[in-house]
Amino acid sequence: MGLPIVPGLLLSLVLLALLMGIHPSGVTGLVPSLGDREKRDNLCPQGKYAHPKNNSICCTKCHKGTYLVSDCPSPGQETVCEVCDKGTFTASQNHVRQCLSCKTCRKEMFQVEISPCKADMDTVCGCKKNQFQRYLSETHFQCVDCSPCFNGTVTIPCKEKQNTVCNCHAGFFLSGNECTPCSHCKKNQECMKLCLPPVANVTNPQDSGTAVLLPLVIFLGLCLLFFICISLLCRYPQWRPRVYSIICRDSAPVKEVEGEGIVTKPLTPASIPAFSPNPGFNPTLGFSTTPRFSHPVSSTPISPVFGPSNWHNFVPPVREVVPTQGADPLLYGSLNPVPIPAPVRKWEDVVAAQPQRLDTADPAMLYAVVDGVPPTRWKEFMRLLGLSEHEIERLELQNGRCLREAHYSMLEAWRRRTPRHEATLDVVGRVLCDMNLRGCLENIRETLESPAHSSTTHLPR
């Protein structure tokens, strides 16, 4: 028995066969393919498209933000376009019949709207600060927080489409762009390689020790240098005024120090021995010829004045030596006094043997030195005496109207700043000799030896 033939089914099969036969030509003609449309558009210049019904006509495309309503009816006529409705857009020139729908930022993907949708631009979605876009497909992405790189350092900071690149510290390994402790590493070969102790860590303690020791060594060196300087200043006190003048640019005030074993005081009539031409005269003590000692007896009245005018007549006194009982007779040839003649001493020799102090109570002595030194050589004279340049200029400005008073102030300042055993006429004489001013030295000597000066001035010893 055969299957019954249904007339309706047979008709359907015949129609299907006819459609398959005409598909390559008829269907293609009814619905033009995309390639054919592009070929026809290429026949027109840029910014225009071919009329869908008449290829010889090129119509102007619609601007972005608009869509095509009707094609141009003939060459030279404009295409009819309208602006896209709200929620739709076209981002470029087109001849589409309908605008595209705007996309919406997906909150479930933690997206945020960067800029809203406009007629000529689609909605722009992005991520919040400290987040990056992790794409799940070509168009869909999810916002993920950037890695803070705990237990590591940031190699590359977080960007819009890239997470932070971290470099983990020793004892941690990178897992999912996070630094995980090596204690969580079990049997992962990659993990075990990353958790090996680096060789460079062995030298780190040495580097840190050097960083600590270097400042300590510098500090101890400075302390040692300071201690040495203090010790030298204590060992050599004469350096203190010079160091003071170098640091402060001024002369240090020097206290008047009496020389060891030397007491200088003004001469008085009671303390000045008298002089006599008698060769047997004893200026200090008179001794009897008996073996026993007797009280000293003055033989002549004492001269009331002793000044530079008497220096050329100065003769050392002669003493009588009386042997004591039981003394060796070889030491004493005669009991009679034997005078010892002495040569006449020069003024310079007397000054060198007995340095004379420049006394401020006697301004005439200072003025004698001021008037004896040429003004053109005065600054050189004071520099050689040891007065600082700053002090010289200060006193010169202070007494600018009177040059003589300025020179007197400089000499007085030198006398006050110089120790007592150094501020002597001997020092002044040596400086003048070094300056080849022996004539000036003689003038000063004559001034000090003059009767007018001797009658009012007593040089201290």
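Positions of Cβ are set from backbone N, Cα and C atoms, glycine also.
Feature annotation from Swiss-Prot assigns signal peptide to 1-29; the stated evidence is similarity to another entry. The repeat 'TNFR-Cys 1' annotation in Swiss-Prot covers 43-82. Per Swiss-Prot, the feature N-linked glycosylation site maps to Asn54, Asn151, Asn201. The annotation repeat 'TNFR-Cys 2' is assigned in Swiss-Prot to 83-125. Annotation comment: Swiss-Prot describes 126-166 as repeat 'TNFR-Cys 3'. The repeat 'TNFR-Cys 4' annotation in Swiss-Prot covers 167-196. Taken from Swiss-Prot, the feature topological domain 'Cytoplasmic' covers 235-461.
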Where Asn151 (N-linked glycosylation site) and Asn54 (N-linked glycosylation site) are concerned, what is their Cα separation in Å, rounded?
71
Composition by DSSP (helix, strand, coil) of residues within the repeat 'TNFR-Cys 3' (126-166):
0 helix, 18 strand, 23 coil
Quick one: what's DSSP say for Asn54 (N-linked glycosylation site), helix, strand or coil?
coil
Against which stretches of its own chain does the repeat 'TNFR-Cys 2' (83-125) lie, if we need a Cβ under 8 Å and a gap of at least six residues from its ends?
47, 49, 59, 61-68, 71, 131, 140-144
Reported mean pLDDT - the repeat 'TNFR-Cys 2' (83-125):
93
Of the residues in the repeat 'TNFR-Cys 1' (43-82), how many are helix, strand and coil by DSSP?
0 helix, 15 strand, 25 coil
With DSSP, how much of the repeat 'TNFR-Cys 2' (83-125) is helix, how much strand and how much coil, in residues?
3 helix, 14 strand, 26 coil
